[in-house]
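Colleague: Pasting in a structure now, in structure tokens, and then I'll have a few things to ask.
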């Protein structure tokens with residue numbers, strides 16, 4: 001027998017293979033960008049119950065930002081017009097201060113008032129969504145409205161400036177249109193909620209079957225309740241804040 005074959009050759013242990021680390025989801029990206037062009041990723045974030053608190057905070061901050069800027073523009077324009085009885089509601093007190101507060105308080109306050117109804121309609125439709133999911137979807141509509149307000153604002157500001165210098169008449173009409181503008185662009189917020197619920201319906205359990213397009217009926221109920229509460233809240237808050245600020 002060959003002498004080399006009798007030598008004990010040490011056997012080295014095989015290296016331990018470690019599994020590839022699972023990538024962490026990472027922080028929530030900018031909500032402004034997600035609303036504009038990241039709908040698919042936003043759908044995934046809305047389905048993650050554990051990450052919803054951070055998403056809700058970002059949606060709320062974006063909602064407040066858009067309403068604040070829009071209110072400041074309205075308040076500045078109201079202060080630049082000559083005092084007139086037809087503008088008494090807009091020019092009461094210091095509109096630069098109270099107009100943003102009135103918009104934020106009215107729209108977010110109406111959202112808080114309507115949330116129990118939103119949750120009830122969602123459960124009635126058969127979707128087993130938690131109250132946190134319902135809150136996130138409601139704020140998604142509000143944040144979408146704020147993003148679109150920021151996009152429309154340069155054109156509206158040009159109209160206001162033209163009215164201030166006399167190119168256009170009826171300053172009251174221009175200011176009233178500014179108060180109605182959030183409701184107009186808010187229709188795209190309703191559309192965003194509908195698309196969000198269409199995605200959730202593919203992942204959430206259905207407690208009972210509903211006939212027809214129950215998601216459209218659900219979103220129409222949301223929009224109907226909110227469109228009744230928000231204008232009244234805006235008028236009353238503006239009237240009260242204008243008298244004290």
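Along the chain as shown, residues are numbered 1 onward.
Positions of Cβ are set from backbone N, Cα and C atoms, glycine also.
Bear in mind that TrEMBL entries carry predicted annotations, made automatically and left uncurated.
Positions annotated as region 'Disordered' by TrEMBL: 1-26. Per TrEMBL, the feature transmembrane segment maps to 59-81, 101-122, 143-168, 174-194, 214-235.
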Colleague: Below 8 Å between Cβ atoms, which of the listed ranges 59-81, 143-168, 174-194, 214-235 makes the most pairs with the transmembrane segment (101-122)?
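Modeller: Most contacts with the transmembrane segment (101-122): 214-235.
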Colleague: Taking residues 6+ outside the transmembrane segment (214-235), which of them lie with a CB under 8 Å of any CB in it?
Modeller: 102-103, 105-107, 109-111, 113-114, 117-118, 121-122, 125-127, 138, 179, 183, 190, 193-194, 197-198, 201
Colleague: What residues elsewhere in the chain lie close to the transmembrane segment (59-81), defined as a C-beta under 8 angstroms and at least 6 residues from its ends?
Modeller: 31-32, 35, 87, 90-91, 94-104, 107-108, 136, 139-140, 142-143, 145-147, 149-150, 153, 156-157, 160, 163-164, 171, 174-175, 178-179, 181-182
